[in-house]
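> Handing you a structure now.
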Amino acid sequence: MSGQNAKPLRFWNNLCYGLAGIPTSLSGNAINFFFSVFILEVAQITPAHNSILTTSAIVLSSAANFFVGFLVNTTDTRWGKLKPWILLSTFPSAACYFFLWFSPGVANPTGKLIWYLVFYVGFRVVSTGYGVARDSLVMFASHEPRERDTLITYSSAFQIAGIILSALIQQGTFLLLHADLGYDPCSNGTNVNGTDYGPSRDTEKEAYMVAAAVGTVIFLLCGLAAVFGVPEITDMRKTEQSSCFPVGDIKALARHRPFLMLLVIKAFLELGINTKQINSALMMQYTFNIADQVFYVIFLYMAAAVVAIFFWNLIIRRIGRKKVIFLGILVFLLPHNAALLIATEDLLGNGLLPFIFVAAAWGGIGEGCMYIVQSVMCTDVIDDFTLKTDRKMASVFYAVWGFVTGIMDAISAAVSNWILQSVNYNADNCVQSNRVKQALRYITAGTPPAVYVIALLFVWLYPITEESRLRTKMALDARRTAGDNDETQLYNPVEDNSLQETLAPEA
């Protein structure tokens, strides 16, 4: 396919690109929401070991992410630049994801830590190839910003749908096996009279493993959707390939102000969102004492985000990217976190649960905004960089953003576990202390507002406006048109026919 689109993208292409976003979303958010409960309460790894596990995996995968971007950028095969990476990384990523939720039956704490380090690090590292290539595909599927925005809308919606799907898988599996989300040490085995008192820890292990098997199959099927359902444009004009670690390209990135500004914005937004996600289940279980409602609150939160994404896409077209971020944070995310901070049973009584559900829906709308607006701003920065430097480095951009995201995830996980350790959180305690309950409230609902406000400051300083974005599009279109004309002049069918007519009599 030439530098210009052969034809507009169809619904099928948008759908397949959206489906391709489910694997990383389903696996990543299952880890964010449920892995802390699994690793602390079922696998029985201490918060200190959990901090080592999560921090090591995220830091190593983030470093790999950085190099993978340059490797993807140098790839050029007959099957494309990105699709070989998507195809070859899908299968090992799915395998590591399954064994991440498998309980090896090792009693030694160090042995358990090594097991989960191998498969957690393996999953995080190998899946970077899939994630970077799939994210970059949006820049190679179309040159039209509006078509890219539509692809991103479907991708964002399906990514959040992946979160819902992961929750449905967990809930459905646990219901099937008569287990509970979140192990209760006071209801394990039998009571003093021999009466069945609740599900055992072995039942919990089995439920997590079955859910992981279902998620693994979905990972494989949806991962192949991008390979067979999304076009990849290859330019007729070949450019010089960079090395796997080009100093010149790194310097160009470091000097690109829109890239640096968006990097900071993404870092602070990710820090706030991930801190809330990884601690939400524990907060609802202990702070609000609604362990039996965790699934329904998460489902409502994410369902609201999915529905809201399509409306945010329309709003972005009307008022622009920067205004939408301000709207999403000030009107939705900050009030949502404030509601979680003030909500107590003493204050609300029987109205606590309905209040949590309303707050969840309101916060989900705001998170849907963050999902789509960050992604469309990424494409704007890549176009701006391409225009100014004539370098096509989409995979490098997405890799660096993934690197920063991983670092922020590591920070939020490490700080959260350190705080829980400092307040003497213990999964085997029948009742957690008030210090633990309040710590979970402040980590989950108190940290995000602070980082959101910092992110808004950088959004205000962000240099790409709607006017400059349109000028960039027009300039890139003109450059591609000129490049196609140059390629056409290299082979003129009219001149070729004339030459054949001249040689024909001699034959």
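Glycine is no exception: its Cβ is also placed from the backbone N, Cα and C atoms.
According to TrEMBL:
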TRANSMEM  12-40  transmembrane segment
TRANSMEM  52-72  transmembrane segment
TRANSMEM  84-102  transmembrane segment
TRANSMEM  114-133  transmembrane segment
TRANSMEM  154-177  transmembrane segment
TRANSMEM  207-230  transmembrane segment
TRANSMEM  258-274  transmembrane segment
TRANSMEM  294-312  transmembrane segment
TRANSMEM  324-343  transmembrane segment
TRANSMEM  355-373  transmembrane segment
TRANSMEM  394-419  transmembrane segment
TRANSMEM  439-464  transmembrane segment
REGION    486-507  region 'Disordered'
COMPBIAS  488-501  compositional bias 'Polar residues'
> Please work out whether the transmembrane segment (154-177) lies in contact with the transmembrane segment (439-464), by counting C-beta pairs under 8 angstroms that are 6 or more apart in sequence and asking whether there are at least 3.
no
> Taking 3+ C-beta pairs under 8 angstroms (sequence gap of 6 or more) as contact, is the transmembrane segment (207-230) in contact with the transmembrane segment (394-419)?
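Result for the transmembrane segment (207-230) with the transmembrane segment (394-419) is no.
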> Restricting to the same chain and to residues at least six past its boundaries, which positions have a Cβ under 8 Å from a Cβ of the transmembrane segment (439-464)?
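Distant contacts of the transmembrane segment (439-464): 257-258, 261-262, 264-265, 268-269, 271-273, 275-276, 279-280, 282-283, 286-287, 321-322, 325-326, 329-330, 333-334, 337-338, 340-341, 377, 380-381, 384, 412, 415-416, 419-420, 423, 425.
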> Under 8 Å, at least three CB pairs between the transmembrane segment (84-102) and the transmembrane segment (324-343) (pairs 6 or more apart)?
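No, the transmembrane segment (84-102) does not contact the transmembrane segment (324-343).
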> Check the transmembrane segment (52-72) against each of 12-40, 114-133, 258-274, 294-312 and return whichever range has the most CB pairs under 8 Å.
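Answer, by Cβ pair count: 114-133.
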> Grab the same-chain neighbours of the transmembrane segment (294-312) for me: Cβ-Cβ under 8 Å, and only residues 6 or more beyond its ends, written as numbers and ranges.
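That would be 33, 153, 156-157, 160-161, 163-164, 167-168, 170-171, 181-182, 280-281, 284-285, 324, 328, 356-357, 360-365, 367-369, 371-373.
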> Under 8 Å between C-beta atoms and at least six residues away from its ends: which parts of the chain pack against the transmembrane segment (12-40)?
46-47, 50, 53, 86, 90, 93-94, 97, 100-101, 116, 123, 127, 130-131, 134, 137-138, 141, 150-151, 154-163, 165-167, 169-170, 181-183, 208, 211, 215, 218-219, 222-223, 225-226, 228-231, 274, 277-282, 285, 298, 427
